[in-house]
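J.: Take this structure first; my questions come after.
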């Protein structure tokens, strides 16, 4: 007998199946007991995207309600619950924890560490977030319904008289528990970055994403304990009659100061990591090193420092804050953000650009975030802010900066690192469909809301009069919202299909031009990430490993410092 080998062209890589499947329930047991940072990162991402879908569903209900005046298929109370829980879920149960999803997936790999510094604390942080978020959202199944005082929880709306019932209490306790998980996660990330970098990985050789996670974690340690303390005070007011936020002693403004001193650093806590994600993606698809690495780091540090000095721009309309100071500081924080834009543009400038899905989402992030940033500069001016505060103009502004940053960069990161985590590539055609539906749906929904706010439509209203003239733009906005909702279908199908049947990745770096260390190990990485580490001589160790013939040229062309092989430049006067 002779055996005939198949032609080489017919052979394709397949993922080998395990010798046998484990006993029933073994996967659940593994998920509950795991301390592997990669597994925990995937669990964070799945949980956060699930909450993102729930928050989006609440938003669709609100947009449907506002499509026409007098519709009232939701009661006013239900509408209040929806906008409260929508804001809470999106900001605190999706945006903040998914930061730790990406940090867990990528950060130990980027610094050449076998795991995070405290693996069990890492798992504990995740479960605190899951249970805290579940407690916070559980108000929907109580007789009085969920919390209905807005995600900012302004007093006296949150006191026992105006918001009786379990929904508000569950909201407060859920945020305390989830916030504790966030604080512990930040402690873990700072320790990991400081103590577990590979030999040769100096601070200024760390990837930008790692820098941003470290700075974000420091901000979390500044902001979140304050929120926890403020929430405990609110619970004491509701149950013990503590009178901390009593209007009679100025407590209403005290709550606003405490909340926004958390709230403004919070928006940078959920922006900086996503700046880091796109800063990892632009160089790879531009075939160039990041432009202005050091400047990017200092811009990140500047944003973090300034973010704790602008909180009262949320309070211009109270008349109780120093307008010139907070206005000036808000203008000032736009400067380092603008510097980042020039870094990203400089990275793409004259690069060999290709527009795979991660790059598309990153460019979508830049366009959307730029528009949101410009309306932010408008709102930094108190005379303008007085006119549009608490209107749909503000709603449009913060959705542009938050959706533009978090959602576009989340999807960019998922498409970028999915092959590293699973060993399979996501489908490019579905990815591009997902991007264009998201981009068109988002801008259709929120661009018109600037004009609605300018015409005087207040936020958080469940209805409006036919004579107000708001219906046309609201219909456009609602249509956009449903397009945005539909954009999630190709994404979910893509992840489900590719997880099981996607093209298998057979190389360490499927994109071909990866810079940081995660592209110097297998897809997916082994349990402790690396079997061997390349030498780290710059901020691009994986690129230098895969393109050793480029190293000398990269050193020669790097416009930093003086080259020792050239004579010193002599200047004559």
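Note: Cβ is positioned from N, Cα and C throughout, glycine not excepted.
Note that this is a predicted model, so its numbers are computed, not measured.
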J.: Name the residue range among 16-36, 121-141 that Swiss-Prot annotates as transmembrane segment.
T.: 121-141
J.: Tell me which of 476-496, 497-517 corresponds to the transmembrane segment entry in Swiss-Prot.
T.: 476-496
J.: Checking feature assignment: transmembrane segment per Swiss-Prot, candidates 170-190, 191-211, 338-358. Which range matches?
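T.: Comparing 170-190, 191-211, 338-358 with Swiss-Prot, transmembrane segment matches 170-190.
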J.: Tally every other Cβ atom lying within 10 Å of the Cβ atom of residue 397 (heme a3 binding site).
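T.: By my count, 24.
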J.: Identify, in sequence order, the residues in the chain of residue 268 (Cu cation binding site) that are 6 or more apart from it along the sequence and have a CB within less than 8 Å of its CB; answer 'none' if there are none.
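T.: Sequence-distant Cβ neighbours: 216, 219, 303, 304, 307.
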J.: Can you see whether the transmembrane segment (89-109) and the transmembrane segment (398-418) are touching - at least 3 CB pairs under 8 angstroms, only pairs 6 or more apart in sequence?
T.: yes
J.: Would you kindly check 40-60, 121-141, 398-418, 433-453 and say which stretch has the most C-beta pairs under 8 angstroms to the transmembrane segment (476-496)?
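T.: Counting Cβ pairs under 8 Å, the winner is 433-453.
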J.: At a C-beta cut-off of under 8 Å, are there same-chain residues at least 6 beyond the transmembrane segment (433-453) that contact it? List them, or none.
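T.: Counting only partners 6 or more residues beyond its ends, the transmembrane segment (433-453) has Cβ contacts under 8 Å with 63, 357, 360-361, 364, 368, 375, 388, 391-397, 399-400, 403-404, 407-408, 411, 459, 470, 473-474, 476-487, 490-491, 494.
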J.: Can you see whether DSSP assigns residue 397 (heme a3 binding site) to helix, strand or coil?
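T.: Its secondary structure by DSSP: helix.
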J.: With every protein chain in view, how many other Cβ atoms are within 10 Å of the Cβ of residue 86 (Fe(II)-heme a binding site)?
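T.: A 10 Å sphere around the Cβ of residue 86 (Fe(II)-heme a binding site) contains 20 other Cβ atoms.
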